[in-house]
Amino acid sequence: MDDEETAEIEDVNVLVPATGGEGPVDGASAMGAVQETENVNEESEAQREEDVVRDYMMELIRQSDEQLAADAPDAAASTGSDGSGDDDEQPNQNEEVGAGSGEQEDEAASHDSDMSLDSPGSEDDSVVWNPHPPGWMIPPNRLHSAVDMMVTQARNSDAGIAGLLSRHHFLQRIRSIVFSQERRRSRTSEEGEASSEPPHTPPPPRSPYDVEMEEGIRFDTNLAAEHSYFGNNSSRVPGVDYLEEGSTHHMLIFLHQHILFPGEVLPFMIDGSLIDEEMQQNGLDGLIFAVGFPLMQPPEDCPNRLYGVTCQIYEKGESGRQLVFYKSRALQRIVINCDDIQGLPQYIARNPTNKCYSKVKILPEYFLPEPLKCIDMGSMSRFRDIPSMRNMYQRYQITSTPWPLDACLEYSYTDIVEKARKKLEIHKIDTMPKCPIQLSFWLVRNLHLTEKLMRSTFLTDSVNTRLQIIGSTLKDESVFYCRYCNSSLAYCSDLFAMSKHGVQTQYCNSAGYIHETNTVYRVMTHAIGYSGEPTTEFSWFPGYQWHIILCKFCAQHVGWEFKAVQPNLTPKLFFGLAGSSVRIGKLVENTPVNGSTFVVRNLLRMVSSEME
């Protein structure tokens, strides 16, 4: 810290009167005070430094509160604006994870936050607010408590209290402490507080984004689905084998940081000798291997289980880095007994070097047809498919069953499929499968359930139950939140398909790291910042350049901005949100977008400007 900043902090200390002061002192008293100061011990000096930092931060909080009082009406009425004028600010980021980054990706892969499915701030945190003050206000006593906690922790650290005066460390500590306090408040809030809130008028509907209004050539979604960014020197590998449900098999296993559902494509780079040797030993063209999800919590009665999917390789290519690029497709759900694992399983995204085997059991998929379709009405069955006779035919069917019509329709998946089809029309997706089993997995990937519901749908063996869970979420309006600081980033209604596989796709970067990416037309105002320079190198979408985007509040990597570089290519601009950096939560109608951290934003902005 330079002399000007140090002088600033000492000046702020003057703003807070010392306890016990009686007024001005004469020269003799001042000389005595100076002499006394020179003789203080090390403990008193450390206490003085603590007081300087604490007083400085308290003064910033006071100024932030005054600014809040002036801006409160505007903040309560706004949605998505944080009152910031620093649109061009580019937050510093020590760990940047980009679509084409190399060493940064390897470092990012080692962090639990990139792989957590149960990180601080669950899927319901966004709907828990204190009903008494406005939802965007954080009480000053919590900010004061955060300051005290930060100073106490710094005092016990090796750097001591002086470590707080480093600009980057200072800002990071404020973020960390305030975020932890906010998450603790969300987890410990009583459930009754949320239920006692009076009903609120829902916000006006947002205007949908229609890419058809853009003039130009529509991007070919087959290019992204084929993962053409690895080149055109790949060859098809024959064979798609489904294993018998309930059977047990011995196979090669890897780990993965995301949940895969059957039907998803998993691209990856790996040492080719691991796969080629396995193919030669088994005499298989399209090798089947297992992928486990260690961060998906098993049921409480079976804690020693690892759930995953079988994957089969269907295409092979060369990456040019002594690694081989493979494309595989998830086929069936599996369960692994951890006691049967032979060797140390490794993550498939981290260039595994060792083989690991285990027995895996293929999980069943139970599907019950709709009750009314199981009733044979004899010669009257010919009227079933006549639209004008359908209602009358249904009434005749009901008379032959002991169940009322509502009970039969409750387990009808046709209505769920039709509602889902209408909701997905805005995403421009026309690849909905017809098989109920494949359809249930496809809807999970494209309707974007919360992580808790995703685990529930994966663990259930009943296709009907899976569709019922999906149907219960069709009316909810959801938002992408930053996994690190809980700031809202984008509306799920702005999702669209840049791949023929849907709105959520797995992509592999040049370093071998696999990203689960959600493509959206737009993000919220003032939600993101940028890091690095845009580039077209190794772009997942040919004809587009990518640029790393960071959460504007916590400066963590949350995805990429893609901008068309070829003329007349549409959409001209869109965003890819990294699944490891975002979570899905319900939209809170009575809370301004990004408003829960309004006070903290003002504080951090003021701290940053004061320390520039």
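Using the three backbone atoms N, Cα and C, a Cβ is placed for every residue, glycine included.
Of all ranges given (1-30, 451-480), Swiss-Prot attaches the label region 'Disordered' to 1-30.
On the 0 to 100 pLDDT scale, the domain 'Lon N-terminal' (250-478) averages 82 in the predicted structure. Residues in the domain 'CULT' (477-586) partition by DSSP class (helix H, G, I; strand E, B; coil) as 3 helix, 61 strand, 46 coil. Same-chain neighbours of the Zn(2+) site beyond Cys482, Cys485, Cys551, Cys554, judged by a C-beta within 8 angstroms of the site's C-beta center, are, in sequence order, Arg483, Tyr484, Asn486, Ser487, Lys552, Phe553, Ala555, Gln556, Val558. Residues within less than 8 Å, Cβ to Cβ, of Cys551 (Zn(2+) binding site) and separated from it by at least 6 positions along the same chain comprise Cys482, Tyr484, Cys485, Ser487, Leu489, Ala527, Ile528, Gly529, Val558, Ser581.
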